[in-house]
């Protein structure tokens, strides 16, 4: 009640959020209006181990009471990507009509069916149902050791020392207001359960329905889901944690900026005095010495430009998604909306990749280069290629397990059509526009590039590439570490993430810190007369993605209860893709920041 009161108070001071929630609840949910005694369809969506959010199966993969013919509800792209497959059930529920107790069906389990239920109880299976687009969750059963205590930590193999209790009665509590359904809950009656370990095979499934009136308006019925995972205490801790990280990051970047500016000021003064003193025969040292090589084209610069273009596209995609999230477009009732938005926005922002990649490539190599088309092919496949290969592997694993996580062929075809008819043409159009804008323009370097590359002096191991890349990723990762925990708990758990304002702040911190740390490390690299900064800046900026993937191992083994090959492959496979995307995006940010910095400092000095 206190949480509900707090939610209503919060919504009263957020009129824009409430208006958006009202419009979206009425359009996206398409919930029904009912008259008294109208039938209300209850859909069974999925079952699966509670610890494995991606290991989901059809509800009727367990021997529950099933209709003679399964009738599935049509779903959009987003819910299908989430693994939702709602199927009609035999429950006879009518609007505002109580059901004290009613038999659903009577079944006699054979040995295989009883074993299926026992294995589901052992693996802590939960089920998800849907009533008027409102999700309902419950457990299949519970374990109890024969000594009388609840069995929580036991081997994942069936044994004879444990009771396997199957819940056979569901009690539905449904709240209504006017002609709308506002809230629905389900509870299992502990007095009506069957001990499968006793050899019982005849089971009677039953249910009851209670209708309760509520004053909560229909437009606010999703608020309880939006605030489900964040009590006021944890909400305050969340804000305090992110503010603490923000202050620390601000101080560190501030100190770094001050130190770097003082060092650059001394360098400029030293180089200016050296130019004015005609009798000074001392040899130049430091970053000015490599002015003839600092703008030399990097090796494999076609692939390099493609990475930069892909990173620009991913950055644009993330910004758009965060803006939509802050506008509350991804409220909990809008199932799979973020998946749909990510696919559509990735397709629509493909022109960014083509434009940035082709524009940079043509300015580096000349607009008349005949290989700019190959650069566009790289831009269109550097990210979708690994995604497709990983998806084929994981979808095959899901099909082998007969899991609902496997996408239907029609959904796969739709995604491929979107890539072929939207993403690829926009990439080509953006590439043509970038090439045309680069015509007649060179790279505009402040220094002339020597024909022969300068030899790079040896440096200590701690100033070489691997150590520099490691240091570059540590500080940005520390800025998002706290928020990363909440994101993982939402994506790879059952908690709901709705604090997108905090996420936007964390993302802003990440971009700022990545830019500053990459600029600083680029300066230190040039100061030791190492001019190979192009790829190094991209790897330094993107190294945060490596830290994110390393965090996956800590989360999997130390913070989650996930198990099994299906869930393990999904977790590490999709997190590898997410880390790869973060690597490309942050690497692009690091390179572009370093490029601006390098061009600025070399314009400020006189170079022979």
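First residue shown is number 1, and so on along the chain.
Here the Cβ of each residue, glycine as well, is placed from N, Cα and C on the backbone.
Per TrEMBL, signal peptide is recorded for 1-30.
Taken from TrEMBL, the feature transmembrane segment covers 239-264 (among others).
The feature transmembrane segment is assigned by TrEMBL to 304-331 (among others).
What TrEMBL records for 337-361 (among others) is transmembrane segment.
Long-range neighbours of the transmembrane segment (373-401) within the same chain, counting only residues 6 or more positions beyond its ends whose Cβ lies under 8 Å from a Cβ of the stretch, are 55, 302-303, 305-307, 309-310, 314, 350, 353-354, 357-358, 361, 407, 412, 419, 423-424, 427-428, 431, 565-566, 569-570, 573-574, 576-577, 580-581, 584. Residues annotated as transmembrane segment in TrEMBL: 373-401 (among others).
Here TrEMBL flags 407-433 (among others) as transmembrane segment.
Summarising the annotation, TrEMBL assigns transmembrane segment to 469-488 (among others).
What TrEMBL lists as transmembrane segment is 500-526 (among others). Here the transmembrane segment (500-526) has long-range neighbours at 238-239, 242, 245-246, 249, 252-253, 256-257, 260, 263-264, 286-287, 290, 294, 318, 322, 325-326, 328, 330, 463, 468, 471-472, 475-476, 479-480, 483, 487, 532-533, 536-537, 540-541, 544, 586, 589-591, 593-594, 597-598, 601, meaning same-chain residues at least 6 beyond its ends whose C-beta is under 8 angstroms from one of its own.
Positions annotated as transmembrane segment by TrEMBL: 538-558 (among others).
Cβ atoms under 8 Å from those of the transmembrane segment (570-598) belong to residues 54-55, 294-295, 307-308, 310-312, 314-315, 318, 382-383, 386-387, 390, 393-394, 397-398, 405, 472, 476, 492, 510-511, 514-519, 522-523, 526, 533-534, 537-546, 548-549, 552, 556, 562 of the same chain, restricted to positions at least 6 beyond its ends. Under the heading transmembrane segment, TrEMBL lists 570-598 (among others).
Sequence-distant contacts of the transmembrane segment (538-558) (same chain, at least 6 residues past either end, Cβ-Cβ under 8 Å): 304, 307-308, 465, 468-470, 472-474, 476-477, 480-481, 484-485, 488, 492, 510, 514-515, 517-518, 521-522, 568, 571-572, 575-576, 578-591, 593. For the transmembrane segment (239-264), same-chain residues at least 6 beyond its ends with a Cβ under 8 Å from one of its own Cβ atoms are 475, 478-483, 502, 505-506, 509, 512-513, 516-517, 519-520, 523, 601. Among residues of the same chain six or more beyond the transmembrane segment (469-488), those with a C-beta under 8 A of the stretch's C-beta atoms are 238, 241-242, 245, 249, 252, 495, 497, 499, 502-503, 506-507, 509-510, 513-514, 517-518, 521, 536, 539-548, 551, 555, 559, 586, 590. Tertiary proximity for the transmembrane segment (304-331) is limited to same-chain residues at least six positions away from its ends with a CB under 8 Å from its CB atoms, namely 17, 20-21, 24, 222, 225-226, 298, 337-338, 341-342, 345-346, 349-350, 352-358, 360-361, 364, 375, 378-379, 382-383, 498, 500-501, 503-504, 507, 534-535, 538, 581, 584-589, 591-592.
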